[in-house]
Amino acid sequence: MELNIIHVDMDAFYASIEQRDNPKLKGKPVIIGGRGKRGVVSTASYEAREYGVYSAMPIVKARQLCPQGIYLQGDHLKYREVSGQIREIFYRYTELVEPLALDEAYLDVKGNHKNSIRIAKEIKRKIKKELKLTASIGVSYNKYLAKLASDFNKPSGFKIISPFEAKEVIFPLDVNNLWGVGPKTAQRLKELGFYKISDIAKGDRSLLIREFGKRGYQLYKLAQGEDYRKVTPPGLPKSLGKETTFRYDTRDKGVLRGYLKDLSKEVANRASNKNVKGKTITLKVKYENFEELSKSRTIEGNISKQEDIYRLAEILLEEVVLDKKIRLIGITLSNITEDGVEQLKLL
Amino acid sequence: MRIEISKKDFFEGIQTVNRAVSSKTTLPILSGILLKTEEDKIKLVATDLEIGIEFYVKANIIRDGAIVLPAKYFTSIVRELSDDQIILTADLSNNTAQIKCGQAQFNIHGSPSDEFPLLPKINSKTRFTMYQNILKEMINQVKFAISDDISKPFLTGGLLKFEEKNLLLVATDTYRLSYRRVSFDRKDIIGEEVIIPNKTLNEISKLLNDNEDLVEISITDNQILFKFSGVTIVSRLIDGQFPNYKQVIPKKNNTKAIINKVELLNSTKRASLLAKRDSNIIKINLQEDQLIITANVPEIGQAYERISISLTGQETEIAFNATYLMDCLKVITSEEVILELSGSLSPGVIKDSSGDEYIYIIMPVRSN
């Protein structure tokens, strides 16, 4: 059991970015969240957390707890960009990066000859030096323990859980620290007499299986510190689609073709951004009475260019009965493959 | 109308014409099968207006008549009947039919026969016969290369072409091309060429026998008719100009290898297990006396296959879609195949060892 799994969790990610980019916000309670009456907190800076503000809390409630807080709507494009910069640091060490969110990812560094603890320290240092942000990092031999470790001494934490100390670390913890155990499962576990992780580890496996099925077995394994989930980098997108609802319903083929041209262009752009091609084009229409219809066509080759997408979409449009007006039209490219190889053509 | 007919013969006939039953519901009558008595036989007809199939089954005709019965129900009913004599009675006044066999009795609603479209009459001077097994082999060696790209309709069928002394069938989806030639000596129809739809070729190849019984073929401007073993198939032809396939058949090569077909097919099949599922690429390395096939899926592993060959010309390397390669190897009948290459980005040519009767052109894959 090698310590190859690293979990990186950015500290108060959105709020920290805002504080970094605007010195006036430093040391102040900054709360990022949706505006409006029904908005919720997406990130609270550590200063704001002292007032009891936490993620997913309604903004209205946050304002009561922390009236002097600085409330921002947040700039998701910026956060996404920073997230990309962080991932770029990860990729210097391994291809096996599984992002869980913009601010969180698992890494498997088994392919890197460097010591994983050293890699983890370097990552932490580079995030600080290059991006002026802090991360909490957990290192262990599986995903569950790595994530548990990164959560240990936030912010700016660094924790290693080795196979020798795993049981010592997790046994005293409450069952809700097991991966996938929410309030409901925790309650049921407690009703069955499982309070601490050690209770499950030493408990009756068949009872857990009887009670929770496959998940019961998984809980039993997790409680022993065993987790066989792999770090899996996100695969290719399953499909790329774009649709548009018209301002006025229409059954004019000329108008529809115009929309198809624009949509084809957007789908082609997305395909080229993701460096993929596809085999199947699906045309979706929604009639004025909200009835939906989709038609698709799969071809032998792979396409990604606007002309090719449009050409097929237009043929599919011919098959659509326009006895009613249409309110929405969309194009999806699916059956996606990487654009790394090119099947050459004869003609 | 009233007939007595053996279940086995009847079902065989129904299955034969079923291939032409329309799956679309725009014209409900086309989802039915026409039954019509003719002398001592019953004629079964189905059509989706693209292809029509007619088949005669011997029967004891007690009272003449005709009716259209819904193919889906009619077929499954007859399939499940015991292997016995069936008595089919149709009441033409209200278009219902009664099917009786052993203890079973079904009454089903049909449609009047005069609503059913007649198959077009084919009257043509372009008329010839050939052996069923030859036509079947030609189709099977070519049909898999037919394109399904509806935006290029002229590629969605096989080109049948009459040359001096030869009859050709050619298909291409632009990634590969399959060509089969048989000798044919009818000076009066030289130069004719038609494109036969994929579906028609598929259905015909399934119905043709593997023997030297004759099939009679007639061609008009927009229809083709096949007549064999009691079956008549009429199909529309595809409009359009088939591309000039001659110019894509390479005339020379830099590398020529003679390879055992079964070994190449089996090795390719195995290597393709580790070819990336979506692009299905295998690499072929041709050396002086051996051919190496490799494939790899980074997350899973690699495959390596070695075959002894005899090579003339340059050593070279090329990457193919494994499926494209296997498609042709599956239909080549000779023990050895000839692979001709001219570099890793030029078309590869595969022939059977008999010479130029069968030619398959396959375009390589370029990895960036």
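Placed from the backbone N, Cα and C atoms, the Cβ positions cover glycine too.
These features come from TrEMBL:
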type	residues	note
DOMAIN	A:5-182	domain 'UmuC'
BINDING	A:ASP9, A:ASP103	Mg(2+) binding site
SITE	A:TYR14	site 'Substrate discrimination'
ACT_SITE	A:GLU104	active site
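All features noted in TrEMBL, drawn onto the structure.
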residue	record	DSSP (3 states)
A:ASP9	Mg(2+) binding site	strand
A:TYR14	site 'Substrate discrimination'	helix
A:ASP103	Mg(2+) binding site	coil
### Query
In angstrom units, rounded to an integer, how far apart are the Cα atoms of A:ASP9 (Mg(2+) binding site) and A:GLU104 (active site)?
5
### Task
Note the mean pLDDT of the domain 'UmuC' (A:5-182), expressed as a whole number.
93
### Query
Among the recorded positions listed here, A:ASP9, A:ASP103, A:GLU104, whose Cβ has the fewest other Cβ atoms inside 10 Å?
A:GLU104
### Task
Whole-number Å only: compute the distance from the Cα of A:GLU104 (active site) to the Cα of A:TYR14 (site 'Substrate discrimination').
12
### Query
Using Cα coordinates, what distance in whole Å links A:TYR14 (site 'Substrate discrimination') and A:ASP103 (Mg(2+) binding site)?
9
